[in-house]
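Here is what TrEMBL says about this protein:
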REGION    1-66  region 'Disordered'
COMPBIAS  7-26  compositional bias 'Low complexity'
TRANSMEM  98-117  transmembrane segment
TRANSMEM  141-160  transmembrane segment
TRANSMEM  172-194  transmembrane segment
TRANSMEM  200-218  transmembrane segment
TRANSMEM  287-305  transmembrane segment
TRANSMEM  335-359  transmembrane segment
TRANSMEM  406-426  transmembrane segment
ACT_SITE  His419  active site
TRANSMEM  432-451  transmembrane segment
TRANSMEM  463-482  transmembrane segment
Amino acid sequence: MAPPPSMAAASDRAGPGADPGAGDSSLRLRRPPSADAGDLPGDSSSGQRESGEPHPPPPNPQQQQQHEMLYFRASAPAHRRVKESPLSSDAIFRQSHAGLLNLCIVVLVAVNSRLIIENLMKYGLLIRAGFWFSARSLGDWPLLMCCLTLPIFPLVAFMAEKLIRRKLIGEHVVILLHIIITTSVIVYPVVVILKCDSAVLSGFVLMFLASIMWMKLVSYAHTNYDIRVLSKSTEKGAAYGNYVDPENMKDPTINSLVYFMLAPTLCYQPTYPRTACIRKGWVIRQLVKCIVFTGLMGFIIEQYINPIVKNSKHPLKGNFLNAIERVLKLSVPTLYVWLCMFYCFFHLWLNILAEILCFGDREFYKDWWNAKTVEEYWRMWNMPVHKWIIRHIYFPCMRKGLPRGVAILISFLVSAVFHEICVAVPCHIFKFWAFFGIMFQIPLVFLTRYLQDKFKNIMVGNMIFWFFFSILGQPIFVLLYYHDVMNRQAQASR
């Protein structure tokens, strides 16, 4: 591209008919050193020079101002090269969107502030605890006794391992004992909850603890069995290279069992990576955050979700448009509650527990919010459960010769069963909504994978995940379970 015309003053000094470019070179109109050929000063691509061209020293502000004054003369070309608009399809992913993110945050705060004021003006303060806790459930000693007696099952599992280590029982006997123990740790609280008409949250906490203990005991039995198999193989001369860690081939001890039962992991191993000290101030700050976000969850549930579901009808029995309106209205508060729950449990509580126990591996989740497929989401959002499923279900199925699709199906089936147990038992209803909701993830896995493969570098799968997760999935299940629980309570009170 030709340089811009010379200044008129330079032409005058050169004399009439003289070459415009023959004047003083310091007065010729040239591009600022900070700009590339064809770029305006301040352009994001300025500063890039032709290869091999030496980079001049940065000009002082006075020189920079003089260059800009010359550069922006009317005779200087304003359009020098082909450029895309920032929001065009070719350039949008190369731009920074920090300002738009700030705008979204401001709008989100403004809209939700209006909704909070409108809700308080319409309903007043609706905080109550009867649906979650009641004086009857707090004084219901069978649930409390069931929770206090759950640690008996790990002790029995430890005794079974000690017996086989001393060769007092055979391999088949210890396997049978572990099956009885793991089955009992689930059946026992289910029977207690169904026999006692407890509050929903009390029953859910008990089933949640029982499910965690079941997974821990399965891992404890499976890992110790595998250690025994590897020990026998190495004694016969089999070589496993770096796959066998001598530190994790030790016999089980009561200390290792107690630490495992308290640690924020579902996968047993004799030793874990440990940190050097406990940061007491950090623990206190996280506890305060945990209390604040737990209170925020309760506020959103009582102040927003309960009024919406009370003014709704069963989504499968009422008017279709009314059901859609309730689902869309529920989508925002249920998403807020789920995000608060995730932050409270997976970030705050598990890190608090890890800090107190000096547990080193604190990868309790990954960036699941960027998941491009449903399969990526399930691999990243709950790392303790994901590692447990991979270690004790998925790869054991693969080692048995099952196809990958069958192994995935079995993994989702186990997850669906426990989701249903943890929700249906405390609610005292068995409609299998949670079970079918988890199993519905399987076709979504293949759908989002296909769309992601077809539309490269576009977050189509991520948008579908967020749609089914926050807009469609959770609000529908809240309505289904709420109306089923209310119908059951109405029938029981007759």
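Quick reminder: no glycine exception, Cβ is built from N, Cα and C everywhere.
Just so you know, TrEMBL annotations are computer predictions that nobody has curated.
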Sequence-ordered list of residues in the chain of His419 (active site) that lie 6 or more positions away and have a Cβ within less than 8 Å of its Cβ, or none, is Ala434, Phe435, Gly437, Ile438
Cβ contacts under 8 Å made by the transmembrane segment (463-482) with residues that lie 6+ beyond its boundaries | 305, 309, 312, 314-316, 323, 326-328, 330-331, 334-335, 338, 371, 373-374, 377, 423, 427, 429, 431, 433-434, 437, 444, 447-448, 451
Short question: which residues 6 or more past the ends of the transmembrane segment (172-194) have a Cβ under 8 Å from it?
-> 142-143, 146, 150, 153, 156-157, 160-161, 163-164, 203, 206-207, 209-211, 213-214, 217-218, 221, 225, 421, 425-426, 428
For the transmembrane segment (200-218), distant same-chain residues with Cβ under 8 A (at least six beyond the ends) = 131-133, 137-138, 140, 143, 146-147, 150, 153-154, 157, 178, 181-182, 185-186, 188-190, 192-193, 260-261, 266, 268, 385, 388, 392, 418, 421-423, 425-427, 485
